[in-house]
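Quick look at what TrEMBL lists:
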| type | residues | note |
| --- | --- | --- |
| REGION | 336-362 | region 'Disordered' |
| TRANSMEM | 43-63 | transmembrane segment |
| TRANSMEM | 83-105 | transmembrane segment |
| TRANSMEM | 112-134 | transmembrane segment |
| TRANSMEM | 140-163 | transmembrane segment |
| TRANSMEM | 175-195 | transmembrane segment |
| TRANSMEM | 207-229 | transmembrane segment |
| TRANSMEM | 241-263 | transmembrane segment |
| TRANSMEM | 306-326 | transmembrane segment |
Amino acid sequence: MQTYLLSQQFNAGSFAENSTACPANATICNGASCVLPEDNFNATLSVVLSTVLTIMLALVMFSMGCNVELKKFWGHIKRPWGIFVGFLCQFGIMPLTAFLLSLIFNVLPIQAVVVLIMGCCPGGTASNVLAYWVDGDMDLSISMTTCSTLLAMGMMPLCLFIYTKMWTDSSAIVLPYDSIGISLVALVIPVSFGIYVNHKWPSKAKIILKIGSIVGAILIVLIAVVGGILYKGSWNISPKLWIIGTIFPAAGYTLGFFLARIAGLSWHRCRTVSLETGMQNSQLCSTIVQLSFTPEQLELMFTFPLLYSIFQLLFALLLLGGYRLYRRHHVKTKTDVEKTEETEDSKSVSSHAKVNGGFVSN
């Protein structure tokens, strides 16, 4: 299906030159806001940037794999309690939250459907980068992202069938299984190489990880900026969708954290589950929306996936900043712990020397 983009409002000169606010090739006109077919420049820019971002993402996931220990990763697969908790958050909490928010704010049926699609999407790869920066469990983070992407092939149709009944026929929603499969391959292959490098050359893996974590942070911001360029719009959408786009990711982070804590997971795993829950694959949501709806329907909800991705990134950065401040003032760093252990060891040696008349045993 051809991609449609919302154009920004025209300036006063455009109104003076044309009797109508929209150009002749506009498919929808609503005052100064129009839906236009994608131009050649945007199509070329989209291909180039998509290629660059895909390569960068593969490199970032390779570096994230360099922080995964094979034994611990396999331990999560054999004893998948953490993965199961993440599964409940991803395909239990998020779709239910989307459903409740749509009811509470009484949005239009087509808008409720796009909120539900976002809630049913698997976790995004940005959560792996952020899990690293908040000292999360990288083995759990990557295993959760992989499993949620794999399980999305069955869970997304099931969740959409359950929750969209009152608004639309779920069979009208086209799920791009090829895109989900590509996301899975793009995640598994570079991470597998990273795990292998960490297993064979752990010292080199640490260097790759540091570089990749910085590139990953840049990539997350770059994706948000690119999304704003490629999917530029009038942003003349319902205020209710703005509110939902703000509340939804915050609810995902909060509920994911508390459910993980109730399930008895450690603090660093709670942070991991929280990020995996709130961070959704908004690119997949945009693809589903474009494949499933007409240009007239897109006008009402096209920018919601981008809106969600902006706020999920904003809240994640706030959580990261808050954790870093807390860690700096309340938590001993690894260096501090090592110095404390050295001091305690020296004290125990000196006291032992006094008891033994100055002789220190091996």
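A Cβ is built for glycine as well, from the same backbone N, Cα and C atoms used for every other residue.
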Could you give the residue numbers and ranges of same-chain residues that sit at least 6 residues beyond the transmembrane segment (241-263) on either side and whose C-beta is under 8 angstroms from one of its C-beta atoms?
81-82, 85-86, 88-89, 93-94, 97-98, 101-102, 105, 107, 111, 115, 118-119, 269-280, 301, 304, 307-308, 310-312, 315-316, 319
Run the contact check on the transmembrane segment (306-326) against the transmembrane segment (83-105): 3 or more C-beta pairs under 8 Å, excluding pairs closer than 6 in sequence.
no
